[in-house]
Every structure is written in C-alpha cells, then in structure tokens.
Amino acid sequence: MDRYAKWKQRELLLILFYAVAFYAYALRISLRLSHDHYLKLRGLAPGWLIPSRRNDVSDAQWRNFRGNLPILSFVFAVFTVIANGSRSLFKLKAKGMAILWLSLSLVYLAYLHGACVIYILSIATANFLLVKVFARKKLFPFMLWAFNLFFLLCNRIYEGYSFSIFGRQFEFLDSFRGTFRWHICFNFVVLRMISFGYDYHWGQLDSHFDQEKHVTRCSLCKLGKTCYVVRQEKGVASDSSCSFTLYLCYLVYAPLYLAGPIISFNAFASQLDVPQNTHSVKDVARYGLRWLFSFLLMELMTQFFYYNAFVISGLWRELSPVEIFIVGYGVLNFMWLKFLLLWRYFRFWSLVNGIETVENMPNCINNCYSLETFWKTWHASFNRWLIRYMYIPLGGSRRKFLNVWVVFTFVAVWHDLEWKLLSWAWLTCLFFMPEMLLKSASNAIKVQSAFGEFLLRELKALSGAVTITCLMMANLAGYVIGPSGLSLFVSSFLSKEGLPVLGGVFFSFYVGTKLMFHIKDLRSGVHSPSFETPCVSTEMKKLLLSLTLFGLTLLILPVNGIMEFDEMEWFTSFNGTKVFKTESDVYSEAKFPMVGLTLIQSAAAKGAVCLDGSLPGYHLHRGFGSGAKNWLVQLEGGGWCDTIRNCVYRKTSRRGSSKYMEKNMPFTGILSDKAAENPDFYNWNRVKVRYCDGGSFSGDSENKAAKLQFRGKRIWLAAMEDLMAKGMRQAKQALLSGCSAGGLAAILRCDDFGDMFSPSTRVKCLSDAGFFLDAIDVSGGRSLRRLYAGVVKLQNLETKLSKDCLNRLNPTSCFFPQNLINQIKTPLFILNAAYDSWQIQESLAPKSADPSGSWHDCRLDYTKCNATQIQFLQGFRTRMVNLIKGFAKPSKNGVFLNSCFAHCQTERHDTWYSQNSPAVNKKGIAVAVGDWYFERGGAKLIDCAYPCDKTCHNLVFRG
C-alpha cells in the first residue's frame, strides 16, 4: 500500500496542476466573452463595487433579494431587538415567545400578502383541527397527506384564489393582495404543517429514540450541548405543549418564512423554550461575517462574469462548444452561490434569535460526484424533511427503488405543476437506479490488493464522470436551454469542432471525480498524502481544494429543483411558442422605476370591465419639469382570443383579468424616466393601459353563457375619461402608442384619441409592431384572416370598426391596418420589423399551415431558414413595403421599417435608445420617432432587405 500511497501523492499534484490550468483557461475565456458581448446582453446594471463595470442582475430572484436586502435587514434587526429584549426582560419561555413572534410575523405577513393572510390562517386552522381530532387514528398519515396535497395543488391551479369567488362583496379585497404571492410561500408552510402533524402523531406513541446511545456517538452532546437531532427526536408535540399559538408561530416564523431552511416542529418548539446553545455569540458573529464575504464575492463575480445574462439573452446559441460549456458551468456556480447567500442569510437571523436550523449548503457544489451525495448536501434541510416525513414512513431503504420515484415526484409537484419538472424528476430517478445498483455492487467487492483498489477507484471515477455528464444533459434540457435547445447543444458537441471539446469535458469530469476522492481521503485520513505542514490548516486545505474544483460539475445545481433554474421571463403566443420577453425586460427591471397599478373604480358602473368582469386598470408615472403637461399613453399588447374556449382560458390570466395583473410594472424604453435612455419623452406623464379584453380595445358585447365580457371599447373610454380628469385634458402635447395588439389598437383608436383634445394640442399616434398584414401563409391559406374573423364575430365588431372602411370592405378586412392607415386623419408613425417574428410564427408559418414541420426550425430561429424559406420571407417584406409606400407620402406620417426578425421595439431599452440600438440610415428608433413627432427632420426610413442590416436585435425563440 505504501507504493500505491506514493502514486496517489503524485496523482494529486498532477490533478492540481490540471485544475490550475483549467481554471486559468476558463477565467480567460469568461472575461473575453463578457467584454465582447456586454452590449448585447440583457440584465446588466451599473455596478457599485467597481463603478466602471456593469453588474449582472439578470436573475430575477437574486435581483429582488439584493434590492430588498436593506429593508429586510432593518426589519429583522428590529424584530431581533424586540424579541431578544423581551425574552431577557420578561423571562419569556415558549408560550410568551410564541405569542411575541406570532405577532411580529403577522405584521411581516400582512406586508407581504395583504388580505391573503386570511387564506393562510384559514388553511392552517383547518390543518390544526385535523391533527388534533384524528392524530390517534390509524389512517391519520393518509389524511394528513391528502389534506396538504389537496391545498398544494389547488393553490397553484387557482393561482391563490380570487376573493371574488366568494361573492362580489369581497371583490375589493383583491386590490389588497400585498407585494408577494402568498401561494408561492405557502409551499414551505405545507412542509411545516406536515411536520407538525407527524411530530404530534408520533408524540402520542412510544418514542424509539435512544438518547443515551446517541450521546455516546455525538460529539456535540458529549460537550454538554444539545444537538439538532436530540431537539427533533426528543419530542415536545403533546397536547399540553402544542397550543394553537405555538403552532401558528412555527408556520409563519418570520426569519424562516420566505425560504427556510426547513426545521421540524419539535426542534423549533424546544428552542423557542430554551434557545440553542450549539453556537456561541462569537460563532454566530463569525457566521454573519462569512456571509458578508460571500456576498462581496458574488458582487465581484457578477461584475466580471456575465454568465447568467448569456442565458437570459439567448446569446449562448452564438457561442462555440467550449464557450457554451464555460458559460453553462459558470451559471451553475452562480446559482449555487446565490442559494447559499439566500439560505444562510435567513439562517443567520434565525440563529441570532436562538433558533438553530440545518445548514442547507454544507458542501461546495463541485465536491460531489453522485446524485445521492448531492442530495445530502444541497438544500440539506429539505433532504432531512423528505427522509423523516416521507422516505422512512414509506418503508425507507427496504423499498428504496420504489420510494425514490415517489419522493422525486413529490419534489417536482411541490415546486410547481409543470411537465418539465416532472420530466426532470423522472429522469433523475432513472439516473438514480444504476447508481444505486453500482453502489451496492461496489460495496460488496472486497479489495485484496493495491492493484484491485486502483482498478476499483478508476471504475468509480469513470462512473462518476458518466453520471455527471448524463445529469448535465438532463438539467440543461430541463432548466437552462429547454428540450428544443438540447438538439442544438448536442449537435454543437457532435460536430467536428465540438468532439474534442466533448472529450475534454468528459476528461475534466473524470479528473474532478478523482479530486473528490482525494478530498474524501484527506478528511478521513485514509491513504492520504503526507505533505502536512504547520502552516497549512485543515480549513485552508478545504478552501484550497474547493477553489480548485470550481469547474467540474455542470450537473447538479438544479438537480433538486428547489428553485426553478430557468429564471427567464417569457410571454407566450397562442400556440405556446416561447420567446425572450419583450415587455418589462429584466434589464429594465434592474434600472427603471416600478409603477403601481391603478384600477379604474368608475369603470364598473359604465360596464367597462375585463373578460372576467374585473376592473380594468393602468399604470401612471407623473411627468415633471417641462414635460409636466405632456402625455404619452401606451396601449398594452398581448394577442387576441378568437373562440369561446380561448377567451375562457384567457380570463384566468393577466390578459383577461386584473386579478392576475402585476401590481407593479417597470417602465422601460419609451416609458423610461431617464433622459439618457428616453431623450424626448422621459419627463412626460407616461401611462400604460392594461389589455384585458382580447379584442384590441374594440369590442362591446358579451357572452352570458360563458360569462365573458367583450368590453374593450368601453375600457378605452373609461381609461381616457379617468386620465382626462387627472390632467390629460390640459395636455399641450399627447402621443398614443402601443405594441403588437396594442399597436393595432393605436391605429384603430388614433382618430378617437385626436378628437379628445383641443386644436391647440399637438396629438399624434405611434404603432409599434401593429402593422399586421392580410398575408398568404406557407400552405396557401390565410391563417391570420381566420383568426381575425373569429375575433370580429365573437366580439361583435361588425359595426364597431371604421365606417369608411366598412363602406368598402367586409368587417374582417377592416380589422387589418393595411385597409385603415390611409384614412386616418391624425398623424401616425408606423414602426415595424419587415420580418416581424410574431407574424412569421402565427400568420406565415403557423403549425396549422405546416403539418410536415418543414418550417419548424426556421420559424423559431431565422438562421435556420433555407434559401427557399428566405425567398418566401422576402416576398412578405416586399408586400409590406408596397403597402406602406402610399401611407408614407403625406408629410404628417412617419415610417421606420427595419429588416429585422423582431417584434415590439419601443418597449425595450436596448432597441429603443442605446449605444447599439437598431438603426436605418444611421438613425435609431427613438431619434426617428422624436424627429417625426417634433418635426425636426425626415422620418420615412425603409431598410434594405435581409441580411444587409447589421444593427438588428433579432429574436430567437424556444419551442
């Protein structure tokens, strides 16, 4: 064995040399990618640590936590002073502390969830009664699980329930739903309710916990301290100790409410009575200081490496195989550090208040080469909860192969009702099967020689590399690039350029697995290299080895699905195609003001309601300075519904009901309040009218049988009357704009808008991506005409459209802008992409017109179009140019027609006004619109045909 031990010393030195070279190369590539592409990346904001560099805040969860960190810290500091001061002053025990923390936590919940606290307390009360009444029954575990799973599913299906379902007299409460969706946080409450139920149930039975035996094996208990296991297993869940107040306090305990870590009821209740003594004040202070250093590390990382922004922006598709590997790998390490910071932050405040929880992130993400090991060290508190309350009651290791499927399926459902999560769960189970079999086989092998140990170690390393590679593929498909992106990902690695990279990646996984073996040996002292020196402490060794592992596992960050990995925001078109969000984009949320939703209270009396009968609304950001008497009104877009079925579905979303609308919306692009990003309209009164009628603000009818209200025209009038009363009547200048379906509405309502003002007011209209053509699709049919015909008939638009047009054409034709724009009296600006991405997908090459799927790749990604398909799209552009030429002749009108594959270009900062905004004849969109509105110069810009324009921000879609 001495000879083998020496070889392992040399092997470790070789591995460390490889790791240093690997990371030097990865960091160099990462810095170059961030430097070369930062202008095209979304989600970057000005940095504070290094002001000259931008900061990657594209991850919505991290951005929100980071932005609210000061107020969260202030609130928890106040709560801590009150709680610890009261405990010390009044000698409070469990009962008194439960009342105190329940009071503080309810204040916290009232801010987060508003009136929805009623739902939380109601369901919690029902669960408490169920436990108290049925805990001694044989079928109690089944009843407990059935009750909690029922509400877990219903909360998600009904999106937290509208108060209006209990009667119109309660509908006003929907305006007070707080700042955070309660049913998302309630997932953690469900875990706590189940924990309380089981702990109380087991408290009625004889305990099988041998504390004396445990003390002999527990290093903490030997020191006279009380470890977490003793607190959990000793049991306090009896009738005398389980009061309703203590139970509620456990469910909503403020420091752990939002994200955990998860703690059992027994452990919580025992520490509420006697605070934890495992960690001294010095230990807790050191823990907080380490968190601060980790936070600074995150800030440095996100200011130098824009990994997550590459994923959010979709630019990974443009990279080489080795660059894709490095970016994906960096994203996973970013996510690991993000969750470490989130969980340790809340655990710190819990420790300060005397409640110890399990450390969620005890290991570096890269120090793990098996799924089972990862599960024990990633969100460890959830893992312990699953083992205690699910895995063991189901039979534990005796039914391991079956229990794994049940546990992972629950984990997927617990997160959300999505097929991709179930797919992730079942793929993970498939990977678990061979791992468990191989582990059993390897444990049965008795090594008799050094060569035998060497051979077994090599086989385990290869097995670990295979496991990591398989999990990398599954999780990239499920959480990063999607199933459709997986084919591109795989093809890039199977190409001539990609095969060497694939080999290098697999070798890196193999080397990394070997390094994990050495870490394990160093910790256990088995055949470890003897290069110990007084100046290298154990902690320093761990830090060094963790750092050298920074590049190893593309696998596992989303393996447990604790938070949805793909934080990318989307909007979905009718056929379910997903595209990078063009409204309220993540860059804007990081920099621009969040503007609150105003519901139009007078609308109900006028019958001006959304599809479901709820009140319509708008977001208003007041102007200032020279723009205080100027108004910009933007009509929101979002497609149409052309059948009863589609409209019934739509009314359960923000496109058909104000109940589901965001309470706050970032104002970006043309709505920005910064002169450097919106030079002509930044200080105007800026309004975004929400779209919830499904007919471009034009309908006025209803379908009583389906309980659908088609009142778009009334919503338009109610919103305008409300804004007129708020000062728009005295406007000196006014501009009506809109995007997509809102762009069509801006055309339909343009003259109505102009007629509202006095002749002295400068009034104009802007249609962005609203010039929808009555085009022939790839099958020779007219898909968009069929859709519009459904909208016109369903919403009874036959008599609501332009009379001039109706005298010449049928109602469906009069819903197409090409038949309206030449009759509009008010000055109008048409902004459109000549290869409008939405029209390509829904009008030219929808799935219904392409049953063979020959257009599938082209409709999602313009770079995959063949020559014949490009020729077809050129014909579409030619028709658009010809239709707009006559409109462009009058001096009052303006045109900006760029040859891009895009949709909605006024709402995004990067396309509206930035250093690299799309341009025609070197004039950007914002400049062209401003020149036209203020009559500073010509604004009739029509681009040359694709692919001449190099300034485009083209969209690539995900299927």
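Yeah, the Cβs are placed from backbone N, Cα and C, and that goes for glycine too.
All TrEMBL annotations are machine predictions without curation.
For reference, TrEMBL has these:
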{"type": "TRANSMEM", "residues": "12-31", "note": "transmembrane segment"}
{"type": "TRANSMEM", "residues": "69-86", "note": "transmembrane segment"}
{"type": "TRANSMEM", "residues": "98-120", "note": "transmembrane segment"}
{"type": "TRANSMEM", "residues": "140-158", "note": "transmembrane segment"}
{"type": "TRANSMEM", "residues": "179-198", "note": "transmembrane segment"}
{"type": "TRANSMEM", "residues": "244-268", "note": "transmembrane segment"}
{"type": "TRANSMEM", "residues": "289-312", "note": "transmembrane segment"}
{"type": "TRANSMEM", "residues": "324-343", "note": "transmembrane segment"}
{"type": "TRANSMEM", "residues": "459-481", "note": "transmembrane segment"}
{"type": "TRANSMEM", "residues": "501-522", "note": "transmembrane segment"}
{"type": "TRANSMEM", "residues": "543-563", "note": "transmembrane segment"}
Within the same chain, the residues 6 or more beyond the ends of the transmembrane segment (69-86) and with Cβ under 8 Å of it are 92, 96-97, 100-101, 104, 108, 254-255, 349, 352-354
Taking pairs 6 or more apart in sequence, does the count of Cβ pairs under 8 Å between the transmembrane segment (98-120) and the transmembrane segment (244-268) hit 3 or more? yes
Recorded stretch that, among 12-31, 179-198, 289-312, 324-343, has the most CB pairs under 8 Å to the transmembrane segment (244-268): 179-198
Short question: which residues 6 or more past the ends of the transmembrane segment (289-312) have a Cβ under 8 Å from it? 30-31, 33-34, 37-38, 41-44, 47-50, 53-59, 319, 327-328, 330-331, 333-335, 337-338, 340-341, 344-345, 348, 480-481, 566-568, 580, 586
